[in-house]
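Copied over from TrEMBL, here are the features:
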- A:15-184: domain 'Cytochrome c assembly protein' (DOMAIN)
- A:21-44: transmembrane segment (TRANSMEM)
- A:56-84: transmembrane segment (TRANSMEM)
- A:91-117: transmembrane segment (TRANSMEM)
- A:129-149: transmembrane segment (TRANSMEM)
- A:161-181: transmembrane segment (TRANSMEM)
- A:201-221: transmembrane segment (TRANSMEM)
Amino acid sequence: MWAFIHKLGSPKWFYGISAKLQPWFWAAAALLIVTGSLWGLAFAPADYQQGNSFRIIYVHVPAAFLAQSIFIAMAVSGLVFMVWKIKVADMAAAVMAPLGAAMTFVALFSGAVWGVPTWGTWWMWDARLTSMLILLFLYLGVIALRGAFTSRDSASRAASVLAMVGVINIPIIKYSVDWWYTLHQPASFTLTSRPAMPTEMWLPLVIMVLGFYCFFIALTLMRTRSEILRREANKRWVQELVTGQVVKVPAEEAR
Amino acid sequence: MAFDSFSEFLAMGGHAPYVWSAWGVTALLLLATVWHARAEQRQLIKGLKRRARRANSARGNAQ
(Lines of atoms letter the chains of each structure in order from A and count residues from 1; the text may use other names and numbers.)
(Lines give C-alpha, C1' and ligand atoms only; values in the text may rest on other atoms or scores of the structure.)
Protein backbone atom coordinates (compact mmCIF):
# COMPACT_ATOMS: atom_id res chain seq x y z
CA MET A 1 0.00 0.00 0.00
CA TRP A 2 2.70 2.48 1.00
CA ALA A 3 4.87 1.44 -1.87
CA PHE A 4 1.97 2.06 -4.21
CA ILE A 5 1.29 5.52 -2.80
CA HIS A 6 4.91 6.48 -3.19
CA LYS A 7 5.03 5.12 -6.69
CA LEU A 8 1.91 7.13 -7.50
CA GLY A 9 3.62 10.12 -5.99
CA SER A 10 6.63 9.82 -8.25
CA PRO A 11 6.29 12.42 -11.02
CA LYS A 12 8.20 10.26 -13.47
CA TRP A 13 5.96 7.25 -12.92
CA PHE A 14 2.84 9.43 -13.10
CA TYR A 15 4.06 11.01 -16.32
CA GLY A 16 4.30 7.59 -17.93
CA ILE A 17 1.06 6.05 -16.68
CA SER A 18 -0.99 9.17 -17.43
CA ALA A 19 0.21 9.11 -21.03
CA LYS A 20 -1.33 5.64 -21.36
CA LEU A 21 -4.61 6.52 -19.64
CA GLN A 22 -5.17 9.88 -21.27
CA PRO A 23 -6.33 8.84 -24.77
CA TRP A 24 -9.02 6.57 -23.30
CA PHE A 25 -10.51 9.36 -21.26
CA TRP A 26 -10.40 11.81 -24.18
CA ALA A 27 -12.11 9.30 -26.45
CA ALA A 28 -14.76 8.50 -23.84
CA ALA A 29 -15.35 12.20 -23.17
CA ALA A 30 -15.76 13.04 -26.87
CA LEU A 31 -18.04 10.09 -27.53
CA LEU A 32 -20.24 10.69 -24.49
CA ILE A 33 -20.50 14.46 -24.92
CA VAL A 34 -21.29 14.28 -28.64
CA THR A 35 -23.89 11.53 -28.09
CA GLY A 36 -25.41 13.27 -25.10
CA SER A 37 -25.54 16.63 -26.91
CA LEU A 38 -27.27 15.29 -30.01
CA TRP A 39 -29.68 13.27 -27.91
CA GLY A 40 -30.41 16.06 -25.46
CA LEU A 41 -30.76 18.81 -28.04
CA ALA A 42 -32.61 17.08 -30.84
CA PHE A 43 -34.15 13.81 -29.64
CA ALA A 44 -35.22 14.18 -26.03
CA PRO A 45 -38.87 15.28 -25.83
CA ALA A 46 -39.63 18.86 -24.83
CA ASP A 47 -40.73 19.41 -21.25
CA TYR A 48 -44.50 19.74 -20.94
CA GLN A 49 -44.16 22.86 -18.78
CA GLN A 50 -40.87 24.46 -19.81
CA GLY A 51 -40.89 23.57 -23.48
CA ASN A 52 -37.46 23.50 -25.09
CA SER A 53 -35.72 25.74 -22.55
CA PHE A 54 -35.39 22.65 -20.35
CA ARG A 55 -32.63 21.45 -22.73
CA ILE A 56 -30.31 23.75 -20.80
CA ILE A 57 -30.33 21.04 -18.12
CA TYR A 58 -27.90 18.99 -20.24
CA VAL A 59 -25.12 21.53 -19.73
CA HIS A 60 -26.27 23.04 -16.44
CA VAL A 61 -26.36 19.89 -14.31
CA PRO A 62 -23.09 18.31 -15.56
CA ALA A 63 -21.28 21.63 -15.08
CA ALA A 64 -22.70 22.06 -11.58
CA PHE A 65 -21.71 18.47 -10.67
CA LEU A 66 -18.17 19.02 -11.92
CA ALA A 67 -17.88 22.41 -10.23
CA GLN A 68 -18.47 20.76 -6.86
CA SER A 69 -16.59 17.52 -7.51
CA ILE A 70 -13.50 19.38 -8.69
CA PHE A 71 -13.44 21.40 -5.49
CA ILE A 72 -13.63 18.21 -3.43
CA ALA A 73 -10.88 16.66 -5.56
CA MET A 74 -8.79 19.78 -5.02
CA ALA A 75 -9.31 19.66 -1.25
CA VAL A 76 -8.42 15.93 -1.10
CA SER A 77 -5.30 16.57 -3.20
CA GLY A 78 -4.41 19.40 -0.84
CA LEU A 79 -4.78 17.06 2.13
CA VAL A 80 -2.66 14.36 0.48
CA PHE A 81 0.00 16.96 -0.28
CA MET A 82 -0.01 18.37 3.24
CA VAL A 83 0.04 14.99 5.02
CA TRP A 84 2.28 12.88 2.78
CA LYS A 85 4.18 15.63 0.92
CA ILE A 86 3.24 14.06 -2.40
CA LYS A 87 4.06 16.69 -4.99
CA VAL A 88 2.00 15.22 -7.82
CA ALA A 89 -1.09 15.78 -5.67
CA ASP A 90 -0.26 19.45 -5.44
CA MET A 91 0.40 19.69 -9.17
CA ALA A 92 -2.97 18.09 -9.89
CA ALA A 93 -4.68 20.46 -7.47
CA ALA A 94 -3.04 23.41 -9.21
CA VAL A 95 -4.24 22.45 -12.69
CA MET A 96 -7.76 21.54 -11.53
CA ALA A 97 -8.62 24.99 -10.20
CA PRO A 98 -9.14 26.85 -13.52
CA LEU A 99 -11.43 24.12 -14.89
CA GLY A 100 -13.37 24.17 -11.65
CA ALA A 101 -13.80 27.92 -11.93
CA ALA A 102 -14.89 27.58 -15.57
CA MET A 103 -17.45 24.91 -14.68
CA THR A 104 -18.81 27.02 -11.82
CA PHE A 105 -19.17 29.91 -14.25
CA VAL A 106 -20.96 27.65 -16.76
CA ALA A 107 -23.35 26.45 -14.06
CA LEU A 108 -24.10 30.03 -12.96
CA PHE A 109 -24.41 31.38 -16.50
CA SER A 110 -26.59 28.58 -17.85
CA GLY A 111 -28.70 28.79 -14.70
CA ALA A 112 -29.18 32.54 -15.12
CA VAL A 113 -30.11 32.15 -18.78
CA TRP A 114 -32.49 29.33 -17.88
CA GLY A 115 -34.02 31.44 -15.12
CA VAL A 116 -35.28 34.11 -17.49
CA PRO A 117 -37.98 32.05 -19.25
CA THR A 118 -38.60 29.75 -16.26
CA TRP A 119 -38.55 31.96 -13.17
CA GLY A 120 -38.89 35.34 -14.86
CA THR A 121 -35.59 36.47 -13.36
CA TRP A 122 -31.96 35.73 -14.12
CA TRP A 123 -30.76 36.15 -10.55
CA MET A 124 -32.01 36.13 -6.99
CA TRP A 125 -30.10 35.87 -3.72
CA ASP A 126 -31.38 32.36 -3.33
CA ALA A 127 -29.30 30.01 -1.13
CA ARG A 128 -28.27 27.71 -3.98
CA LEU A 129 -27.33 30.54 -6.31
CA THR A 130 -25.46 32.46 -3.64
CA SER A 131 -23.48 29.43 -2.42
CA MET A 132 -22.49 28.67 -6.03
CA LEU A 133 -21.31 32.26 -6.43
CA ILE A 134 -19.23 31.79 -3.27
CA LEU A 135 -17.77 28.64 -4.84
CA LEU A 136 -16.67 30.71 -7.85
CA PHE A 137 -14.97 33.20 -5.53
CA LEU A 138 -13.30 30.34 -3.64
CA TYR A 139 -11.88 29.01 -6.91
CA LEU A 140 -10.65 32.47 -7.87
CA GLY A 141 -9.19 32.82 -4.36
CA VAL A 142 -7.29 29.53 -4.66
CA ILE A 143 -5.92 30.55 -8.07
CA ALA A 144 -4.94 34.03 -6.88
CA LEU A 145 -3.36 32.68 -3.69
CA ARG A 146 -1.13 30.36 -5.70
CA GLY A 147 0.09 33.30 -7.73
CA ALA A 148 0.68 35.50 -4.70
CA PHE A 149 3.76 33.72 -3.34
CA THR A 150 7.27 33.74 -4.72
CA SER A 151 8.03 30.48 -2.93
CA ARG A 152 6.31 27.52 -4.56
CA ASP A 153 6.08 25.56 -1.32
CA SER A 154 4.33 28.42 0.50
CA ALA A 155 1.95 28.87 -2.43
CA SER A 156 1.12 25.16 -2.47
CA ARG A 157 0.48 25.05 1.24
CA ALA A 158 -1.65 28.18 1.28
CA ALA A 159 -3.74 26.94 -1.66
CA SER A 160 -4.15 23.53 0.00
CA VAL A 161 -5.37 25.08 3.23
CA LEU A 162 -7.85 27.33 1.45
CA ALA A 163 -9.18 24.35 -0.53
CA MET A 164 -9.54 22.26 2.63
CA VAL A 165 -11.32 25.05 4.50
CA GLY A 166 -13.42 26.07 1.51
CA VAL A 167 -14.74 22.56 1.01
CA ILE A 168 -17.23 23.28 3.82
CA ASN A 169 -19.15 25.22 1.16
CA ILE A 170 -19.87 22.00 -0.77
CA PRO A 171 -22.36 20.46 1.72
CA ILE A 172 -23.88 23.93 2.04
CA ILE A 173 -24.47 24.01 -1.73
CA LYS A 174 -25.84 20.48 -1.65
CA TYR A 175 -28.33 21.01 1.17
CA SER A 176 -29.10 24.66 0.44
CA VAL A 177 -32.17 23.69 -1.58
CA ASP A 178 -33.55 21.71 1.37
CA TRP A 179 -32.56 24.10 4.17
CA TRP A 180 -33.64 27.35 2.56
CA TYR A 181 -36.07 26.55 -0.20
CA THR A 182 -36.60 29.90 -1.92
CA LEU A 183 -36.14 29.75 -5.66
CA HIS A 184 -33.99 26.89 -6.88
CA GLN A 185 -35.82 23.58 -6.95
CA PRO A 186 -34.49 20.64 -4.89
CA ALA A 187 -32.33 18.09 -6.69
CA SER A 188 -34.25 16.66 -9.62
CA PHE A 189 -31.45 14.32 -10.49
CA THR A 190 -29.10 12.08 -8.55
CA LEU A 191 -26.86 9.30 -9.71
CA THR A 192 -28.06 6.95 -7.02
CA SER A 193 -31.86 6.96 -7.11
CA ARG A 194 -34.50 6.52 -9.76
CA PRO A 195 -35.23 9.78 -11.56
CA ALA A 196 -38.50 11.64 -11.49
CA MET A 197 -38.22 12.37 -15.19
CA PRO A 198 -38.88 9.99 -18.07
CA THR A 199 -36.03 7.80 -19.25
CA GLU A 200 -35.65 9.49 -22.64
CA MET A 201 -34.95 12.77 -20.82
CA TRP A 202 -32.85 11.28 -18.07
CA LEU A 203 -30.55 9.01 -20.08
CA PRO A 204 -28.92 11.81 -22.15
CA LEU A 205 -28.32 13.64 -18.87
CA VAL A 206 -26.49 10.65 -17.40
CA ILE A 207 -24.42 10.45 -20.59
CA MET A 208 -23.54 14.14 -20.40
CA VAL A 209 -22.59 13.90 -16.71
CA LEU A 210 -20.30 10.93 -17.40
CA GLY A 211 -18.84 12.74 -20.42
CA PHE A 212 -18.04 15.81 -18.34
CA TYR A 213 -16.33 13.65 -15.70
CA CYS A 214 -14.22 11.93 -18.38
CA PHE A 215 -13.35 15.35 -19.78
CA PHE A 216 -12.22 16.49 -16.34
CA ILE A 217 -10.04 13.41 -15.83
CA ALA A 218 -8.50 13.67 -19.30
CA LEU A 219 -7.75 17.37 -18.97
CA THR A 220 -6.34 16.94 -15.46
CA LEU A 221 -4.03 14.13 -16.63
CA MET A 222 -2.85 16.22 -19.58
CA ARG A 223 -2.25 19.39 -17.60
CA THR A 224 -0.64 17.58 -14.67
CA ARG A 225 1.88 16.18 -17.17
CA SER A 226 2.64 19.71 -18.33
CA GLU A 227 2.97 20.84 -14.74
CA ILE A 228 5.42 17.98 -14.09
CA LEU A 229 7.57 19.12 -17.02
CA ARG A 230 7.44 22.67 -15.71
CA ARG A 231 8.47 21.81 -12.17
CA GLU A 232 10.90 19.02 -12.95
CA ALA A 233 12.61 20.78 -15.85
CA ASN A 234 15.99 20.40 -14.17
CA LYS A 235 15.64 16.68 -13.50
CA ARG A 236 17.68 14.35 -15.60
CA TRP A 237 14.74 12.16 -16.71
CA VAL A 238 12.93 15.18 -18.14
CA GLN A 239 15.99 16.28 -20.06
CA GLU A 240 16.48 12.77 -21.39
CA LEU A 241 12.84 12.62 -22.36
CA VAL A 242 12.98 15.91 -24.23
CA THR A 243 16.25 15.33 -26.05
CA GLY A 244 15.71 11.62 -26.55
CA GLN A 245 19.25 10.81 -25.44
CA VAL A 246 21.12 10.02 -22.28
CA VAL A 247 22.20 13.20 -20.56
CA LYS A 248 25.47 13.24 -18.65
CA VAL A 249 25.18 15.61 -15.75
CA PRO A 250 27.52 16.17 -12.82
CA ALA A 251 26.37 14.35 -9.69
CA GLU A 252 25.17 17.41 -7.79
CA GLU A 253 23.17 18.61 -10.80
CA ALA A 254 21.39 15.32 -11.18
CA ARG A 255 19.47 15.70 -7.96
CA MET B 1 -36.62 13.41 -33.16
CA ALA B 2 -38.36 16.13 -31.17
CA PHE B 3 -38.47 18.58 -34.09
CA ASP B 4 -40.09 18.44 -37.52
CA SER B 5 -37.50 20.51 -39.38
CA PHE B 6 -34.04 21.97 -38.96
CA SER B 7 -35.37 25.52 -38.71
CA GLU B 8 -37.68 24.41 -35.91
CA PHE B 9 -34.69 22.84 -34.22
CA LEU B 10 -32.86 26.15 -34.42
CA ALA B 11 -35.87 28.07 -33.15
CA MET B 12 -36.18 25.81 -30.07
CA GLY B 13 -39.88 26.64 -29.79
CA GLY B 14 -39.10 30.31 -29.18
CA HIS B 15 -36.43 29.55 -26.59
CA ALA B 16 -33.52 29.80 -29.04
CA PRO B 17 -31.67 32.70 -27.31
CA TYR B 18 -31.67 30.87 -23.96
CA VAL B 19 -30.83 27.38 -25.16
CA TRP B 20 -28.16 28.39 -27.65
CA SER B 21 -26.40 30.93 -25.44
CA ALA B 22 -26.15 28.45 -22.55
CA TRP B 23 -24.91 25.67 -24.84
CA GLY B 24 -22.65 28.05 -26.77
CA VAL B 25 -20.87 29.34 -23.68
CA THR B 26 -20.39 25.77 -22.40
CA ALA B 27 -19.00 24.53 -25.73
CA LEU B 28 -16.75 27.55 -26.07
CA LEU B 29 -15.28 27.13 -22.58
CA LEU B 30 -14.70 23.39 -23.00
CA LEU B 31 -12.98 23.88 -26.36
CA ALA B 32 -10.94 26.79 -25.00
CA THR B 33 -9.63 24.68 -22.09
CA VAL B 34 -8.54 21.93 -24.51
CA TRP B 35 -6.90 24.45 -26.81
CA HIS B 36 -5.13 26.07 -23.87
CA ALA B 37 -3.89 22.74 -22.51
CA ARG B 38 -2.47 21.79 -25.92
CA ALA B 39 -0.77 25.14 -26.41
CA GLU B 40 0.66 24.92 -22.90
CA GLN B 41 2.08 21.45 -23.53
CA ARG B 42 3.62 22.38 -26.88
CA GLN B 43 5.18 25.53 -25.52
CA LEU B 44 6.70 23.71 -22.56
CA ILE B 45 8.27 20.98 -24.67
CA LYS B 46 9.58 23.57 -27.14
CA GLY B 47 11.11 25.58 -24.30
CA LEU B 48 12.69 22.48 -22.75
CA LYS B 49 14.19 21.46 -26.10
CA ARG B 50 15.60 24.94 -26.62
CA ARG B 51 17.12 24.85 -23.15
CA ALA B 52 18.66 21.43 -23.70
CA ARG B 53 20.19 22.57 -26.98
CA ARG B 54 21.66 25.65 -25.35
CA ALA B 55 23.04 23.60 -22.46
CA ASN B 56 24.58 21.13 -24.90
CA SER B 57 26.34 23.78 -26.92
CA ALA B 58 27.57 25.49 -23.75
CA ARG B 59 29.02 22.18 -22.57
CA GLY B 60 30.57 21.64 -25.98
CA ASN B 61 32.26 25.03 -25.90
CA ALA B 62 33.68 24.39 -22.45
CA GLN B 63 35.46 21.22 -23.52
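Placed from the backbone N, Cα and C atoms, the Cβ positions cover glycine too.
Please treat TrEMBL annotations as automatic predictions, because they have not gone through curation.
When each of the listed stretches A:21-44, A:91-117, A:161-181, A:201-221 is scored by C-beta pairs under 8 angstroms to the transmembrane segment (A:129-149), A:91-117 comes out highest. Among residues of the same chain six or more beyond the transmembrane segment (A:91-117), those with a C-beta under 8 A of the stretch's C-beta atoms are 11, 50, 53, 56-57, 59-60, 63-64, 66-67, 70-71, 73-74, 77-78, 81, 123-124, 129, 132-133, 135-136, 139-140, 142-143, 146, 156, 159-160, 163, 212, 216, 219-220, 223-224, 226-228, 231.
Sequence-distant contacts of the transmembrane segment (A:21-44) (same chain, at least 6 residues past either end, Cβ-Cβ under 8 Å): 55, 57-58, 200-201, 203-205, 207-208, 210-212, 214-215, 217-218, 221-222, 225. Within the model, the domain 'Cytochrome c assembly protein' (A:15-184) shows a mean pLDDT value of 93, rounded to a whole number.
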